[in-house]
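Beneath this line is the structure, given in structure tokens, with notes to follow.
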Amino acid sequence: MPAAIRRPPRSLYCGQVRPAHIGQTVTLYGWIDRRRDHGGVIFLDLRDRSGIVQLVADPQKTPLSYELAGQVRSEYVVRVTGTVHQRPSDSFNPRLATGEVEVYAEELEILSRVGKQLPFSVSGEEGEEVREEIRLRYRYLDLRRERLSRNLQLRHQVIKAIRRFLEDEEGFIEVETPILTRSTPEGARDYLVPSRVNPGEWFALPQSPQLFKQLLMVAGVDRYYQIARCFRDEDLRADRQPEFTQLDMEMSFMDQEAILELNERLLCHIFKTVKGIDLPRPFPRLTYAEAMARYGSDKPDTRFGLELVDVSPLFQGSGFKVFAKALQEGGVIKVLPVPGGDEKISNTRIKPGGDLFKLVTQYGAGGLAFIRVRPGSLDTIGALKESLSPEQEQQLLQLTNAKPGDLLLFGAGPAAVVNESLGRLRLHLGQELGLIPENALNLLWITDFPLFEFNAEENRLEALHHPFTAPHPDDLADLKTARAQAYDLVWNGVEVGGGSLRIYQREIQEQVFQTIGLTPEQARDKFGFLLEAFEYGTPPHGGIAYGLDRLVMLLAGEDSIRDVIAFPKTQQARCLLTGAPSGVEAKQLKELHVASTYQPG
């Protein structure tokens with residue numbers, strides 16, 4: 001057999017070459033980013049994950065490599081050995097970390113060629129816009145590009161910072177929980193896996209490690225974390241994937257204050273380590289009720305104002321029928337004051353058929369009433385104008401802090417509908433009017449969520465977070481209206497994490513199961529192992545989980561989590577690279593005792 005080829009080891013990554021290496025001989029490996037022929041001297045940009053360095057092939061100084069340099073093309077894989085030189089001062093490139101140096105290619109070896117036309121340019125300087133479908137189909141090429149390569153490295157840095165903080169400073173241990181488990185109702189549909197050795201029975205892929213991490217607390221692990229893979233079979237949006245990654249944590253003998261304080265220090269450590277940003281502590285807090293009242297959302301973007309104002313008392317017994325009807329039916333009247341909106345927003349946009357009308361009706365509102373604040377008067381439709389006395393007009397201006405030139409937009413109806421529609425309108429106008437400062441960074445906690453919400457389709461209560469969340473101790477007398485000891489972390493209007501103190505007493509857990517409609521038999525069948533564990537000495541405990549993909553997305557300044565995941569699925573839950581999901585052979589289905597009833601077309 002021929003002897004194995006021995007190549008010199010890499011001495012540096014391309015992006016690490018600096019003026020300190022001038023005069024040294026280095027060996028580099030990477031991809032050709034660009035090739036330029038300038039009057040007989042060939043310049044090559046060599047790229048790896050660390051960056052780009054310029055190579056020089058000169059027929060006078062490096063004759064052995066010059067001929068090969070003429071053959072290389074973009075994305076050829078090469079090895080180069082050569083001496084580091086300082087670039088002429090007039091050819092410094094301030095855009096590159098290596099822009100003051102170049103490597104004279106004394107040896108050049110082509111390791112791999114490109115055998116067909118590239119589907120798109122990998123070079124970052126081409127400025128080529130590539131459809132996402134093409135990028136996902138050739139993801140291995142897309143990941144060579146500077147932006148995605150940087151995002152993957154940022155993701156690694158975030159995970160490394162998490163591990164160092166939790167393990168080295170806080171005494172957490174990383175424990176892997178099962179991927180093949182049993183199906184339990186947690187909201188979204190499970191991905192099911194048939195068991196070949198137990199015909200007719202199924203595993204489910206975990207939507208979260210929730211139950212196992214609670215059992216780890218029963219087991220005395222005390223402080224657990226995991227970079228956990230989770231799976232949910234749900235309709236996808238820009239910020240959702242069928243498989244995703246969580247930073248999952250659980251802690252014994254810690255109350256809510258201690259958990260929030262520890263997590264603030266964790267977030268501060270991450271931001272300082274990967275972005276060099278010092279976050280102020282403590283983070284602001286809003287209760288769920290405050291967030292809904294002021295922003296119409298349980299994940300408010302607090303970088304700008306435009307807060308909602310409840311003016312329901314002002315319109316009690318109003319002669320304006322729309323408002324009177326809403327209040328008689330137990331609803332609310334709220335105002336979204338828009339400073340300077342009188343000139344910026346036309347009546348056409350507010351009335352039926354207008355874009356703002358369509359926006360609020362999309363979320364259940366019947367429409368928008370409005371008042372334009374003019375010097376010395378309020379301008380609106382006759383019926384609303386006539387329903388307001390001069391004293392009420394003044395009270396309205398005081399409540400909303402409105403000035404001449406402002407626009408008041410009204411929502412009337414059930415509180416949930418008014419909050420949702422005006423909250424969405426607030427975000428839309430905040431962006432449209434340029435009220436959101438780009439570089440602002442607002443993190444806050446939302447606390448005191450309701451324990452349950454009503455599911456109108458199924459005519460029953462269901463857990464707002466999950467049925468293992470502990471009720472507030474002051475609300476145990478009536479669980480149906482209880483507050484939850486739950487908390488969400490919101491960053492610029494995006495929920496990046498959420499958690500709670502957990503139920504650790506069997507009798508309370510059984511009451512919660514009963515409240516969401518599980519019979520004792522159903523509770524034992526689905527969660528008997530958890531209920532039994534609570535009989536053997538369970539510590540008070542709580543935890544939190546962060547959407548790691550979403551956290552990295554925000555740190556990277558991206559708009560979609562697909563741009564911070566190496567091999568994401570499309571919004572149709574497909575992998576365009578491998579063709580998954582795909583059909584399987586009849587033999588495989590037979591072994592699993594499974595038959596497909598799907599009929600194409």
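Any Cβ shown, glycine's included, is placed from N, Cα and C.
Since we're looking at a predicted model, the values are computed, not measured.
Of the residues proposed, Q241, Q485, the one Swiss-Prot records at the same ATP site as R232, D233, E234, E495, G547, L548, D549, R550 is Q241. When Swiss-Prot is compared with the stretches 210-213, 274-277, 526-529, the one noted as region 'Aspartate' is 210-213. Looking only at the recorded positions H38, R232, H465, R502, the one with its C-alpha closest to L548 (ATP binding site) is R232. Counting in whole angstrom, E234 (ATP binding site) lies 17 from H465 (L-aspartate binding site) by their C-alpha atoms.
Per Cα geometry, R232 is the residue among the recorded positions H38, R232, H465, R502 nearest to R550 (ATP binding site).
Long-range Cβ neighbours of R502 (L-aspartate binding site) (same chain, at least 6 residues apart, Cβ-Cβ under 8 Å): Q214, M217, F468, T469, A470, H541, G542, G543. In terms of DSSP helix, strand and coil, the region 'Aspartate' (210-213) has 4 helix, 0 strand, 0 coil. DSSP assigns R550 (ATP binding site) to a helix in the three-state reduction. Annotation for the recorded positions H38, R232, H465, R550: lowest Cβ count within 10 Å of the residue's own Cβ, H38. In the shown protein chains, 25 other C-beta atoms lie within 10 A of the C-beta of L548 (ATP binding site). In the three-state DSSP scheme, R232 (L-aspartate binding site) is classed as coil.
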